[in-house]
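What follows is a single structure, written as structure tokens, with notes after it.
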């Protein structure tokens, strides 16, 4: 079936992928031959969701993998180490009333993570107790979220065309950024540089200065739907991707911006 999302580990030695076949697959790098492509081995496969899986994320050490699905649940799985055999059980987090579209770990240890859903809410979950704090501000489905990697802030984007900035300490919105002509499909945060980025089906990739509500720059290069974006760790480069289920949705390209 189609692959809907994937994520590299911080050291680029592992990949987690999810798709419409309801599977989470964990891949490990096998190396490369000369200057050819890298080869990857599927180490483990989970099939514990009851519907399509739309998003996946890993904590910084790649010990934990979270996946979100149309079955309205999040599954938190531990990456198997070499001393273990078989498939390790995952933990299930329920409470959203719609499809889970976005996930992001809040801290490197994976003690807390964010979820964004079609029920117009974001939630910050305690990985151990499964308790959560709920964030309300969007007026439609929430399709993406991103954390600051240790700082108590996050962003989310949704059907209301808004990118929202959250203070995780008080579960309150502290900023709203609007410039898209359609919904926000993807977002990224480089908090150390006070930058955010948002992508949407209106062909726009927008760079934001978090200290003011106006767009800092419109990055033009894609034709059609821009589906997602991501900063590098230093916040000096931005990657954007345009992909879709139909060829006419987008130009099917990946762009790297300085």
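Each Cβ is built from the backbone N, Cα and C atoms, and glycine gets one as well.
What you are looking at is a predicted structure, and each value in this text was computed from that prediction instead of being measured.
Feature list (source: TrEMBL):
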type	residues	note
REPEAT	93-135	repeat 'WD'
REPEAT	135-176	repeat 'WD'
REPEAT	177-218	repeat 'WD'
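Counting only same-chain residues 6+ beyond the ends of the repeat 'WD' (177-218), those with a CB under 8 A from a CB of the stretch are 140-141, 143-149, 151, 153-165, 224-231, 234-236, 238, 240, 249, 257. Panel annotation: around the repeat 'WD' (93-135), residues 54-61, 63-64, 66-70, 72-76, 141-147, 149-150, 154, 156, 158, 166, 168, 171-173 of the same chain, lying at least six beyond its termini, place a Cβ under 8 Å from a Cβ of the stretch.
The helix, strand and coil residue counts that DSSP assigns across the repeat 'WD' (177-218) are 3 helix, 21 strand, 18 coil.
Assigned with DSSP, the residues of the repeat 'WD' (93-135) fall into helix, strand and coil as follows: 0 helix, 24 strand, 19 coil.
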